[in-house]
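For reference, the structure is listed below as structure tokens.
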Amino acid sequence: MGWQKQGWLVCAAFLGFVSSVASITRDDLFPFGPSARDQLLEPGTDQTHRLDLSKPVLFYDGTFDSIFINTNGFVATTEPTAESTYLASMPPKFGMIAALQGDLDTSDGVGKVFFRQDSSREVLRQAAEHINRAFPEDDEVEPTHAVVITWVDVASHEPQPTQDEKRNTFQLVIASLEKASYAIVLYTRDGIQFFSTPVQSSSATMHAGFSKGLVRGFLFSSQGPYYRTTTDDESSVRDLAKETNSGLRGVYVYEIGTSPYFSNVAPGEVTDLPTEEPPQEEVPYVRRHEYTEQHLEYPPYDAGQVEVHPIQYQPHQPENPEVVVVVDDTDLNVDVFRYNLGTCANNRNKCSQFADCKDYSSGYCCHCRPGFYGNGIQCVAEGKPQRMNGKIHGRVSVGNSPTPLEFASNDLHSYIVVNDGRSYVAISDIPYALGPSLLPLSALGGVIGWAFALEQPGFKNGFSIIGGEFTRQAEVTFLPGNEKLTITQEFKGIDEHDHLIVSTNLKGQVPEVPPGSTVQVEPYSEIYQYSNNLITSSSTRGYTVSMPDGSTESRTHQWRQTITFQSCQHSEPLREVKPTQMLSVDQIFVMYDANNEILRYAMSNKIGDVNGGQTEENPCFTGRHGCDTNAVCRPGEGNQFTCQCATGFSGDGRTCYDIDECREDPQICGGNAICNNQPGTFRCECEDGYQFGSDGRTCVAVDRSVDHCEEGSHDCDVPERAQCSYTGGSNFICTCLEGFIGDGRICQDIDECQRGRCHQDAMCSNTQGSFICQCRPGYHGDGFYCSSERPKSQCETHRDNLLGTYGPRGPRPPVGQYIPACDENGEYEPTQCHGSTGHCWCVERNGQEIPGTRSGPGSRPMCIDHGGVSPPVGPSPRPDVDALPPGTHLLFAQSGRIEHVPLEGYDMNKDGAKAVLYLPAKVVIGVAYDCVEKMVYWTEITSPSISRASIQGGEPTAVISSNLGSPEGVAIDHLGRLMFWTDSLKDHIAVASLDGSQRRVIVDSGLINPRAIIADPPNGNLYWADWNRDAPKIETSHMDGSNRRVLVKDDLGLPNALTYDSQSSLLCWADAGTHKLECMHPGRGDRSQILEGIQYPFGITSLGKNMYYTDWKRNAVVVVDRYAGRESNTFQPQKQTKLYGITTAYAQCPAGQNYCAGNNGGCTHLCLATPSGRSCKCPDNAAALGCVESGSGY
């Protein structure tokens, strides 16, 4: 019986607006979670995180450089007050963007709040689509920056825990341009499960809207405007996922701020949705069946002759994109409705590249070409194996356990050998407590078996009929316990790798299968009934559980499923599909791999007649044909058949080889395109600087913005006199540096000496961009003030205060008191001793004791002279080093500069951050710090060279500038006065004295891409990372290069960054390939993960509980609390370019000593520390006379 004789199922939604009618799902949200590199808000109630923005957000008439993200479903523009001040007392006194505000809780570990800043092309494109759809009359906008905040499965904060599992999921995206900001709020289908939250002894309806907060007046403050999008009626919250102002259910867009003028929040303008069929010819009689329960009656399966009844009903399914009516075909003989979707002339690119477009009187359809099959939108080659990839989400309870187990983006992979109907499914990261109980669900991936089942002549598998875009909903009832599990799968078509993409959600309960059990699923048959855009099926399946004790138990479960899809109604082929077909599944194999936590299914699938097949089955239908896996089996008469290689392959059918289309036809992709060969096919990609045009196939040039400052194509004056600042697009501005005057393109030096900048008793020396003041002979001071009497120094003041008690013979020190010793210039002597105890120690220039240098009575430590006379005082010439204030700092490298961030304890003082070293036209890679002489060392690869400069003021000096390839990592031995560096071009590690002399290569084999290097002077060890993509590793050796060994080689990707914490003896690294931050004790090998989901780290350093790493993707310094295992802060410098190496500039040197710290360890040249002593080595230029080498020891 044909479909037209059963009654027509008329859909009020068609392809042109189906996405508008259906509510969005979680998969339609902007990407979120660890895979999107999101940050995670601290679990709990009323938690707040300040997010400093790289680009500001406009809200009402204000501009905000930071926002505050709160657990309770909102974003604030200032630090929010306690929740008791605004819950049930809206509007608040602070600026609030309320996505769905209430008293929410994430402390159970299930609910989460993710957030990030994002300027990626895909996210900005998605934001622009929503905004432009919501404001169709306005000029199209292109956001430049977005903030994405996602509240996932958040619960209501209940005073007493309940068994209610209702949770809400929603998302807020703030998309900004230079002069406007928009809020995009997304509420998913089934995402809003509760509508009010408890407040004290009552409850309050959740709020959505925008509040400006208090507005300050001349004499007093008043409440600013409040734009509310919901009401006090819970139904307004319930309907959020069903309504819209953007033309897409569940998506709302608002213009929330503009510059320079702003009046009020402007909502999107597209509130109407097509809920009824388009205008059509008058229908004299239509009978509509209404159903309130989502329940289908399925015909029982009988092994005998099956009488199939036409479908005369359709359940009411508000979630489905179709609104179905049944038309009694005896009462009319007209077309029920007509599509008006255009012609092939302007829609051809919507068809598969392996399909042809054909015009019909009512529209157009796509048809796969010979050798391919599918629905025309997606076509695949006949006989070619297929793959399916996807993710699984949801929550499943096992047995009577009150706590469900969560699926959080578990991977699902499937492989189908099409010409024998065999499908294989693997699901990863299934915990031991759940794995065995999922073994009976072989049909979890069974729909892929139906999609590519072996076809009996005259019958078609699923993909041949509906392609790869459809929704499957299945309900599984387990007997006899009546546990129920709902499976929802969204099939999203074929990706760029020719893989079918699916998203799966599981919800419900399964009976427990004891761990250690095995399951055997019995073969089964399932009848599929086909109608317009709807397929239904049902079956009862048996399985046997073999317990660990040897006993067995037979069980059954019932499956009922619906598959909804969109078909092309204009052509006849779909109407020729048989209304019923039977899927036969056998050779079922299920297994749970407990060691790897992988669930595996395999089965054979055939589609054919509900009353059985032919008496003699052809090998093409049984799968016993011996054709190549990339071949099509062509049935002949009786048991005859032939094997034919699939399209894209060549051979005799028994053996098939891939055809390299790119090699055979180099111009197959056209101009400005790259051809990538793939098994059975090929893919075209546009070259850099090009993108696909509107036809989806031709590569057209991209109008790319150019950062002339970064490229060096600007017309500003030379970097020593001017600075180029990128302002977006291809724009820039030129400004003269301090000490110069001009328009930025031509800058002239200012002669500060003509302005009387120095004291009258000082000499002024003009320099390029600066000047120097120095007191005349016989005068003392800093040059800005000079006196004939030298003022007391810090040391002299310290000493005289202690000597304040005078006896009959002059100053008399207190008994037992330490008195500092000052030199002739009033500075602290490098070595200080206690007159009573006899202990001596080294001090810094300010008199602070250097930890680890104190010696016992009778011996004096080897202390380094501070340098005697102070240098001339005055601003240093550029490129220069601005003197740093006292304290501990972070130093990090950017292109052309080194910057610093002061530390207050372990926290960054962002307001005190500034550039301290300007190196125009240089690419600085590694930075290291000498805590003794207060010098910063860096490597740069443009010259290449290794240089240094004092952070107390002075000009940079190159210490090594020859025989370098690509110096990257650099480390300082402050005890032995040495520096170590890696060279990724010469593939070696070398050492030299701090002045660049006495160079020696200590590791010169087995290195491919060495970068990060760390010295541990007190213990005599070196650590380095080699990010060789084929075999990345982290190694260690003694500081002389001996005792080399690999510490880590497994589960590494791009271990760019390395740091060693002497307090905890932890070696830690950040990996840009695995996106993890990990640590280990080098002596024990106990590796542990600190944080995952980081983006692209380059350098890392540590101090106390914190680790600080630079990130190329975020252009920021990121702080990680090692103990809490979470990100705690970020700093983005004003210049938004890549950040390279980072180091800690300690206020005082770390404690510790080694054998090279005094008298160079008795060595004539290089003294290299080892754990048990030292090695005396000669530099590589052995011409040094009198050099004596000796092994480790002392």
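FYI, residue positions are counted from 1 along the chain as it appears here.
Any Cβ shown, glycine's included, is placed from N, Cα and C.
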With the disulphide bonds as TrEMBL has them, who is the partner of Cys840, out of Cys833, Cys842?
Cys833
Outside the domain 'EGF-like' (616-657), six or more residues from its ends: residues with CB under 8 Å to it:
354, 371-372, 381-385, 417, 419-422, 454-457, 604, 606, 608, 679-681
Tally the residues of the domain 'EGF-like' (749-787) by DSSP class, grouping H, G and I as helix, E and B as strand, and everything else as coil.
4 helix, 17 strand, 18 coil
Using a Cβ cut-off of under 8 Å, list the residues of the same chain at least 6 residues beyond the repeat 'LDL-receptor class B' (934-976) that approach it.
871, 876-877, 879-884, 891, 893, 898, 900, 916-917, 919, 921-928, 982-986, 992, 994-996, 999, 1010-1015, 1017-1018, 1022, 1024, 1039, 1058, 1141, 1143, 1145, 1149, 1152-1154, 1156-1157, 1160-1161, 1167-1169
Relative to the Cβ of Cys840 (disulfide bond), which residues of the same chain, six or more apart in sequence, are found under 8 Å away?
Thr831, Gln832, Cys833, His834, Arg854, Ser855, Ser859, Arg860, Pro861
What are the DSSP helix, strand and coil residue counts for the domain 'EGF-like' (705-748)?
4 helix, 18 strand, 22 coil
Around the Cβ of Cys833 (disulfide bond), how many other Cβ atoms lie within 10 Å? Please give the count over every shown protein chain.
18
